[in-house]
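Engineer: This structure is in structure tokens; I'll ask about it shortly.
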Amino acid sequence: RWRSKKESNKEMLMDLWMSLLLVWITCVSSASMTPIIGQSRSTQTGGPAAVASGLGEGQRLLSRAKRGWVWNQMFVLEEFSGRDPILVGRLHTDLDVGNKNIKYVLSGEGAGTIFAINELTGDIHAMKRLDREEKAEYTLKAQVVDADNNEPLEPPSEFIIKVQDINDNPPQFIEGPYHASVPEMSAVGTPVTRVTATDADDPVYGNSAKLVYSILDGQPYFSVDPNTATIKIALHGMDREMREEYLVVIQAKDMGGHMGGLSGTTTVTVTLTDINDNPPKFSKSKSLHSLKVGGRVKANDRDIGENAKSTYNIIEGDDQGSFEIITDTQTQEGILRLKKPLDYENKRTFTLKVEATNIRAEPSPSGGPFKDTATVKITVEDTDEPPVFSKPMYLLEVKENAPINTVIGTVTARDPDASGSLVRYFIDRHTDLERQFNINVDDGKITLAKALDRETDTWHNITVTATEVRNHSQISRANVAIRVMDINDNAPEFADEYDAVLCENGKPGQVVQIVSAVDKDDPIQGHYFDYRLVPEMLNNPNFTIKNNQDNTISILAKHDTFRRQKQKLYYLPIIVTDNGNPPMSSTNTLTIRVCGCSKEGIVGSCNAEASVLPIGLSMGALIAILACIILLLVIVVLFVTLRRHKNEPLIIKDDEDVRENIIRYDDEGGGEEDTEAFDIATLQNPDGINGYLPRKDIKPDLQFMPRAGQHSGPNGVDVDEFINVRLHEADNDPTAPPYDSIQIYGYEGRGSMAGSLSSLETASSDSDQNYDYLREWGPRFRRLGELYSVGESDRET
């Protein structure tokens, strides 16, 4: 302790001497002093000064004068806040003799803004407050120039102004706040964590950046090393179960921790981690717990996580092994369960000793056993339990196509309660939607409700439920898998629809087709097929079959005289029989086509017509000939059609045939320019002039009959004969509508401006119509007026 105090006095003495030295340096750098040639750092070249003596101009003595800058390294305190600019230092040169013929020029970092120089005296002042943490030194250049013309008198010289540090920055914990953990019950001196503080002040000058750490809050539990800032355990027996978390406040102080130093703080949250230092404990040691089967016991452990997990065992009272106890991993409770059925009438109570032991046992300060025991009394009660099936799953078999009501198998269940309630059986119809099975509700016999086909479904999975008669809520379920056994109920058939081809130029014994068969059944011994021709084809002169000993046969040709023009298709019926019991067979017909093949056996054409082509004509030549014939036929048809459309009319109006004509007007009130001359030829019907009118209600006959009596030319045509012919045709044609007859309609309509019309009436008919106005329409209507008007003689009669 005495030595520590002596060392402290020594450090204080050294700090005092350092402060005095700093004041002396500042004073020396700020004072104006006489040039010291020996400490100059000048350049000895350029611009020698001329020193005038009593000699004449011609006898002037030329000599080299030794000149140079005179200064020390300049310093300036940071954060100086005086009212006047602080004097940093003074520049002086040998050329300055006080006659004001020279002036000083300053350049470089901060010249003119941060630093200013007196041109006449060379004094340098700091114009602004400086911060060493922003910039620690400035490099500048000084030069002497002529005061009149600013010509440099010597080269510039470089110097440095250093900013002297003061203690203006407190320590800072950049990474704080901190979090740390340490096991509980750790020994005194156990490191917890380490903190780090930084100080922006100059670490090489003075004690401004020398930090000392101390603890402000967290004692007596923790301590901190003043130099390394390592936090350590300071108290023995820190128990997590008593207190888990601590908040420690650490201080860092500069100036070596002396008075006047700046400080910074941070917090460290220390968490005690758990160790297995607490054994499991039942609520009452050796207590008596009354439980039912399925009850729970629990031993509490003050530890957490893996250290709190326990396992339970029955160590006494269960000689017959009727019970077991397991651990609930979520609640860490012991669940008591039955391993064997208990006889309620034989023994109704059991006294068991249960032990709880930590799963993870490790050395700890507490030492002692990590286990505890408790006495448990089990009371056997007659609880209502659901029925229990004799098997968890049943596997039954039934043959396909078995008759309805065939018994497939039986499921059994019993009530485990002492009362022994009766059990009823049911099929869950959600698993038997097609209702293919039934079950006897009393004895559990499963019977067939529908015929089964193995080829459709091989397996059927249903669920059977067992329900107590006295308590329908007690239900148990069992899965029943029913396998449909195969019987031979499907005949074999060809495996494919074969397209057999036989070459004309083939040799006897050539393989026409290899035939295989398939069978939907699945016999245990596997398939074996027997192939043979139908009895009526046993002596087939064209083909025979060969057994390949692999359930396939080969169809062989017996001769080489097959020709397409003789017969292009052959049908070969084959009987295929399986080896089932009873055997099943089917007749399958193989169709064989005769085709032309190349010498290499490549199939060409299979058409019979291809063999009758003329010798020397290829298929392309034949197609060209057919195309030419079709083209000629088309030309002939077109020519005949055009000739028929160009037939001239039977009646042609002659220029000399001038007679009165009936004029047709396209619109009412039209003039002569809108008329069109009447053409008698339009009344002719060449098709009916011979007395044969074509029938439109029957299919026309394609035979061309001679048409006698047809006039070939327009000249000499008698209109009277023509009209008589048309009248005869109309009278004898049953399909011609009666245009000149009264038409009777069921509904005429309402509001029609036009009256009822019939065929036009002539003047000779008993009509009250008066057509005398036709005479007044002009000469063109005179003939029409005479036809429909009534004359004087007609009126008198």
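Placement of Cβ uses the backbone N, Cα and C atoms for every residue, glycine included.
Per TrEMBL, the feature domain 'Cadherin' maps to 93-173, 174-282, 293-389, 390-494, 494-616. The signal peptide annotation in TrEMBL covers 1-30. As annotated by TrEMBL, transmembrane segment applies to 615-642.
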Engineer: Hey, which bits of the same chain come close to the transmembrane segment (615-642), Cβ under 8 Å, at least six residues off its ends?
Structural biologist: none
Engineer: Within the domain 'Cadherin' (390-494), count helix residues (DSSP H, G, I), strand residues (E, B) and coil residues, in that order.
Structural biologist: 0 helix, 48 strand, 57 coil
Engineer: What are the helix, strand and coil residue counts for the domain 'Cadherin' (93-173) according to DSSP?
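Structural biologist: So the counts come to 0 helix, 36 strand, 45 coil.
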Engineer: When DSSP states are grouped into helix, strand and coil, how many residues of the domain 'Cadherin' (174-282) land in each?
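Structural biologist: Looking at the domain 'Cadherin' (174-282) with DSSP, the answer is 3 helix, 46 strand, 60 coil.
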